[in-house]
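According to Swiss-Prot, the features are:
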{"type": "ACT_SITE", "residues": "15", "note": "active site, proton donor"}
{"type": "SITE", "residues": "58", "note": "site 'Substrate binding'"}
{"type": "SITE", "residues": "103", "note": "site 'Substrate binding'"}
{"type": "ACT_SITE", "residues": "136", "note": "active site, shared with catalytic histidine of dimeric partner"}
{"type": "ACT_SITE", "residues": "140", "note": "active site, proton acceptor"}
{"type": "SITE", "residues": "147", "note": "site 'Substrate binding'"}
{"type": "SITE", "residues": "167", "note": "site 'Substrate binding'"}
{"type": "SITE", "residues": "180", "note": "site 'Substrate binding'"}
{"type": "SITE", "residues": "182", "note": "site 'Substrate binding'"}
{"type": "SITE", "residues": "184", "note": "site 'Substrate binding'"}
């Protein structure tokens, strides 16, 4: 068994290596090829990664083999040999390289009581003395100068990682070098998941939410928080209270450390939660009165049903049936909406015989705001219809009085509106669980609205009909992020987001 230190898995009773505790002491130097999720990766020759854990005031560092992988792997993902035996788990990465943790090459195991440890990239051509690096002549003069001082107790260790050689130096309080170890191997340092956020500024809550989501979905990391205001800790805690839904009390761990001018939010996730940390799912459902965005657990339930059923079949056509006056059930409203949708013309001020329902939404807007409102509202409204039972959107019918108002535009502007609608519908992401993988089916009409006595008109009601979709329709990509191999935050696509759900 292997337990990631990033997830709180350190156990002093088990074998400990950089990044993991395990029930077996596996010599990872003997492997030339490894497998992750049945994909094979070659161990990089003559190049290593210096990895370390700092747990319970103990430092565990070593040069480890690494393999190249252009896909994003999660901390804790199992690593196997070619016979299918698990030999380690994913722990550290540098760009598109991942470490293979276990018994590695040169190592350093320290008690950190009273001493510090620092890591540096050793620049090509530089020499090292104690805690500084520079060109050789400068370092030589530095060493001569410090030799005159008496050595004192060691207070710091410095690990220097270079392309051709690695070194460990120790220094006393004056910076005098007390000890040096030299490893004739080239290595790299893993990229830490570190994000910097300023609070007390515009969009600070959004930036903080994005950072938390990305780090929790990438095994953990640290957010360095600064603020123009004096009480950075107070401002931070207020922001964290407003977005507490982003982390799970059961699965995620979050710790705030206060500094003088900044705070640090350390976090890691056990990856046992069925869902990724998500700010917004952008999955909508239609209710009688509104288009509601599903939260993560509602989305899990909805997507689980689609996965289990392999998608949905088209809805059967409505049966013809004469309803007595005044009946307002869902089917009668839908039938009236269908008749209204097929009208060739309308009269300004006429009353519509049906209101909003699970299948119908009315909205009115001025011609000036028409394209803006379509851009802002169309994706959520139409995707909610597609995810529920299908439905009708009528733009130009007053939501309160249910009277026809319309909007007045020229022919060229109408073409732009029609093009906008087509563009926004075609951009709606669909995640399929079925074999047919059909597109969203819809129809759009502009129904002319006449005033009494007018023979011509430039006033219209826009009528859009959307059928129930076979699978899940998103209004946009989910607002859920991860740290990529370059250390940048990337948003999951809908397909990627769904693929990470533990159904």
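Cβ from N, Cα, C; glycine included.
Locations of recorded Swiss-Prot features on the structure.
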residue	record	DSSP class
15	active site, proton donor	strand
58	site 'Substrate binding'	strand
103	site 'Substrate binding'	strand
136	active site, shared with catalytic histidine of dimeric partner	helix
147	site 'Substrate binding'	coil
167	site 'Substrate binding'	strand
180	site 'Substrate binding'	strand
Completion exercise
The sparsest Cβ environment within 10 Å, among the recorded positions 15, 58, 140, 184, is found at 184
Problem - Cα-proximity to residue 167 (site 'Substrate binding'), 10 Å cut-off, over recorded positions 136, 140, 147, 180, 182 - result: 180, 182
Handout entry: Candidate nearest the residue listed as 'active site, proton donor' in space, where candidates are the recorded positions 103, 140, 184 and distance is Cα-Cα
Key = 103
Handout entry: Those recorded sites listed as 147, 167, and which of them has the most Cβ atoms within 10 Å of its own Cβ
Key = 167
Fill in the blank from the handout: Whole-number Å distance separating the Cα atoms of the residue listed as 'active site, shared with catalytic histidine of dimeric partner' and residue 182 (site 'Substrate binding') is 16
Fill in the blank from the handout: Long-range Cβ list for residue 182 (site 'Substrate binding'), cut-off under 8 Å, min separation 6+ in sequence, same chain only, gives 165, 166, 167
Practice task
Would you mind reading off the Cα separation of residue 180 (site 'Substrate binding') from residue 147 (site 'Substrate binding'), to the nearest angstrom?
Solution key: 14
Fill in the blank from the handout: Cβ proximity for residue 103 (site 'Substrate binding'), under 8 A, sequence spacing 6+, ordered by residue number, returns 17, 25, 26, 27, 28, 29
Problem - C-alpha spacing of the residue listed as 'active site, proton acceptor' relative to residue 147 (site 'Substrate binding'), in angstrom - result: 11
Problem - Rounded Cα separation (Å) that holds between residue 140 (active site, proton acceptor) and residue 184 (site 'Substrate binding') - result: 21
Practice task
Measuring Cα to Cα, tell me the gap between residue 184 (site 'Substrate binding') and residue 58 (site 'Substrate binding') in whole angstrom.
Solution key: 25
Completion exercise
Least crowded of the recorded positions 136, 180, counting other Cβ atoms within 10 Å of each Cβ, is 136
